[in-house]
Amino acid sequence: MELTVIWFIAISVLWTGYFVLEGFDFGVGTLMSFMGGRDSVDRRVALNSIGPVWDANEVWLITALGATFAAFPAWYASLLSGFYAPMFLILVALILRGVAFEYRGKRDSAPWRAWWDRAILLGSVLPAFLWGVVFANIVRGVAMDADQVVTASVPDLLNPYALLGGLTTLSLFTLHGAVFLTLKTDGPVRVRARRAALWAACAAVPSGTLFLAWTQLAHGGGTRTLPLVLIAATALVGGVAAAWHRREGWSFAFTAVTVLTVFAALFGSLFPNVLPSTTDPAFGLTVSNASSAEYTLTLMSWVAVVFLPLVLLYQGWSYWVFRRRVTGETVTGATVTRGEDRDGRPEPAV
Amino acid sequence: MEALELARWQFGVTTIYHFLFVPLTIGLSFIVAVLQTLWYRTGRHEYLQATQFFGKLFLINFAMGVVTGIVQEFQFGMNWSEYSRFVGDVFGAPLAMEALLAFFLESTFIGLWIFGWHRLPRGAHLACIWLVAVGTNLSAYFILAANAWMRHPVGFTVNEETGRAELTDILAVLGNDQAWSTYLHTVSAAFVTAGLFVVAVSAYKLWRNSHHNDTGVAGVVPPKGDFALFRGALKVGLVFTLAAGALVVFSGDHQAKLAAQYEPMKLAAAEALWETEEGAAFSALAVGDTEERYNPIDITIPNVLSFLATGEFDGEVHGMNNLQEAYEEYYGPGNYTPNVFVVYWSFRLMMGLGMFGVAFAALGLYLTRGRERTPTGKWFYYAAMLALPAALAANIFGWVLTEMGRQPWTVHGELLTAASVSPGVSLGAVATTLAGFTAVYGLLFVVEVGLLLKYVKAGPSHLVPDLEDDEDESRIPHFSY
């Protein structure tokens, strides 16, 4: 197999890994404000379920981008300059979200926490939606001239297929995050998260199925992507069914497979292009005209072969260390006495 | 006004802002690791308090460093797509390695450290903070190797057909003398900064403690142990600063010699030296005329520049006029002289502000010698608190010197800054994002400084109550969100 093809696969793996992992912490961020009353311990339980791992999950993005820069410089250049507005919004969202996670609990003040809760909500919903818009547009192709400069405007990027892609990633990540919460927490959050998962499924199943069908029919890689599309759709339904039956481990495994196969199908549809041009197919970027020279690709292959397993090992270990369910007691270090929320209503005992 | 100008401003603003947090992350991760090691080895309560107190401040700073770092990974592609296209083959490799080798290490183990206080055995938990410190240092090496390559490109060829740089020797890129020299200089400066952070915080606490008998929150009396703890921390900070300061001076001297060799124009601009001279003088104060290209006023110290640049008092140092002529001949017509005013003054401010902190550390160690002595004069505490912003500013001016002095190139001798910018990104788009980043960064700065002050004032006993016995594991506070 050619090195450029291997690196296309490697980049796909990094991006897909990013979405499988950060997908659920986007979902948890989206749902946190609905997991308990303002200022309640329940919100903290939701937040602490991703506390030890979200930062390392985000490094998958940094690695995916860094690897794209090294292996396909032209792809990196055209993609980031061409999707300027969504990339800027994603950046601002990730900045606010990351700071919010760290700072929310560092002042004992209800308005302080309320502001950071908004930042977490916005900072999770926005990238969850925009990454779908971006990747749908990559598969669909954008207006791009002979110098590989993307000329598409913001309204061009908001075409129906891309919007459906955004809706799919947003609802799918929300479902994935809800299922993660049912698996990783206990008490009222676990119960509410299951309800949230079923609600998210109402959006994720129709939009996901439609998006997968549209991708396969209009941009698909034929028999190369068909199995992936079928697995994705099956796993999605399976995940919802497992959530319904309170099989939490299974439902999380299923939603993880769904995210994985959705992105595998997108990358499979894209190949051998990396950023097609709708202006003239000849202007498009492919694995061969966007790639680095052989020396860099060989070098990076060795680096990846040696270090990626090591990373997986210790990142896996950190998940193992924090395998226990998070509860009000683990968060506060004390037995929680259920009180009233900010509006004076008694918190539901569930 | 062109998009190019604003893209440069955006790079300056976002990178300088990022670098307010980076030196503290590099240095404090190490200092916190040392404090926790002391606690691990001795079991003494004040070390646990110091670890958690400075650890908390470290985390508040760390979060900002992480999120502002993400911008850097996007920015090359967003605003500098032609640069990315040209250098990706060479420049992308260390960036990808940085993510894979350093960022994963740092982010995974910081999570384990924050949330692992009660879940990991003490030794394993201690190892986590050390791995974070290793990760931050590794990350610094890779990114500085990439930056050094822009100033002294090695280990590559330019492909005639594609017009792109191609990597031929990664060991040359990673073993670039400009890379390790810059690494030593930057990381030792980071340790000076972090040392002075500890000094400034400790000085503040001691001053409130002895002059006001409060913690900084009016009327809240500090516990007795605080005085000994912060006197100890002050000395730890002073020792760190002075030791690292020696390394800054040594590596800075090497940096000047490398500049003379690889970037003579930068050195000439930093010294406002217009004509090539043998036995060149060090400029103490120059007022230059950049139109006529000479200095009407220049107060100098004879032969010192030649010595700094070449190691010999009568060595030859190239002047800007001669270099400009030579470059025009070699690269074609154009202006190859950087902004002399900015480069000249950033060099002086870097040295002056940096030396202030290091000199203060030497003085401070003298004034706090022995077991009991603490300075009583107000000036000492004010100077200690001022040394921190001075050190941060010295870091920034160092980068302004490095990056502005490289102009008009992004990759010295290979690619001009004007040819690096994204052609498809409009002035309006760059202006919008510049305004957006500036607003968000400004807001977060206020929030961050406010939080740091809050935790400094609250003091260590707020985090770790005075325990009789640390062996009672369950009473060691854990960090969580």
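Glycine is treated like the rest: Cβ placed from N, Cα and C.
The annotation transmembrane segment is assigned in TrEMBL to B:16-41, B:53-71, B:91-115, B:127-150, B:183-207, B:228-250, B:345-367, B:379-401, B:421-447.
Only pairs six or more apart in sequence are counted, and the transmembrane segment (B:183-207) with the transmembrane segment (B:16-41) gives three or more Cβ pairs under 8 Å, enough to call it a contact. Among residues of the same chain six or more beyond the transmembrane segment (B:345-367), those with a C-beta under 8 A of the stretch's C-beta atoms are 189, 192, 195-196, 199, 234-235, 237-239, 241-242, 245, 248-249, 252, 270-271, 373-375, 380, 383-384, 387, 390-391, 393-394, 397-398, 400-401, 404. Only residues 6 or more beyond the boundaries of the transmembrane segment (B:421-447), in the same chain, are considered here, and those with a CB under 8 A from a CB of the stretch are 1-4, 6-7, 9-10, 13-14, 17, 64, 68, 71, 78-83. Outside the transmembrane segment (B:16-41) by six or more residues, the chain places 47-48, 50-51, 54-55, 57-58, 61-62, 64-65, 68-69, 71-72, 122-123, 126, 129-130, 132-133, 136-137, 140, 186-187, 189-195, 197-198, 236-237, 240, 244, 391-392, 395-396, 399-400, 441, 445 with a CB less than 8 A from a CB of the stretch.
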